[in-house]
Amino acid sequence: MMEKGSVVEAAVTRSPMQMKMGDHELEGNTTSALRTAETFLRLFPVGLCVSALVLMLKSSQQNEYGSVDYSDLGAFRYLVHANGICAGYSLFSAVIAAMPCPSTIPRAWTFFLLDQVLTYIILAAGAVSTEVLYLAENGDAATTWSSACGSFGRFCHKVTASVAITFVAVFCYVLLSLVSSYKLFTKYDAPASRPTEAIEVAAFPG
């Protein structure tokens, strides 16, 4: 009975050093889990961007009405380039994020800025491609543009799939932007609140 009590007492009375080591171990496990999650989140857009890029590169059709290719339209060429850039960046940033090195403020700022820039690049690519695809599907009576997808249905189907995958990649980049924003701004302390008693109000003569 005495021995059991001493064991319980030893377990309860942990030294400050032991408690500090336990806190550091818990923090290390949390950091490792977050690093793994961020790495996978950065790797996921690689497959999406490559899929959208390949689909767009294969978007061409030739029939009795003529021929059409993705390279005929600047919006689709931009989508290909944007997806290629984003795929390369996602792979590179995933490798950097997977490295077990301390996250410094310059590194956090770099990820934050690049994530923001790449998000807007691929969002713009999806937006302009959607507009062109809408015109190809429906035409424009005001400018006497007829619908092209009635004659080139296979081309439009591939382009639609490529644009849809691009918007899934946009969603992933929005999440990455939120993650990098959180990691950056948590490195700064919140502004200290000034007590109302310390605020001096200037007295003006009546």
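Using N, Cα and C of the backbone, Cβ positions are placed for all residues, glycine too.
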Margin query: If you compare the topological domain names in Swiss-Prot, are ALA75 and ARG107 on one side of the membrane?
Written below: no
Checklist line | Model confidence over the topological domain 'Cytoplasmic' (180-206) (mean pLDDT, whole number) | finding: 65
Item checked: Counts by DSSP class (helix H/G/I, strand E/B, coil) across the topological domain 'Extracellular' (129-158) -> 19 helix, 2 strand, 9 coil
Item checked: Tally of residues which DSSP labels helix, strand or coil - the topological domain 'Extracellular' (58-78) -> 8 helix, 8 strand, 5 coil
Notebook entry, point to check: Sequence-remote contacts (6 or more beyond its ends) of the topological domain 'Extracellular' (58-78), Cβ cut-off under 8 Å?
Noted result: 124-125, 128-129, 131-132, 148, 151-152, 154-155, 158-159, 162
Notebook entry, point to check: Using DSSP, how many residues of the topological domain 'Cytoplasmic' (100-107) fall into helix, strand and coil, respectively?
Noted result: 3 helix, 0 strand, 5 coil
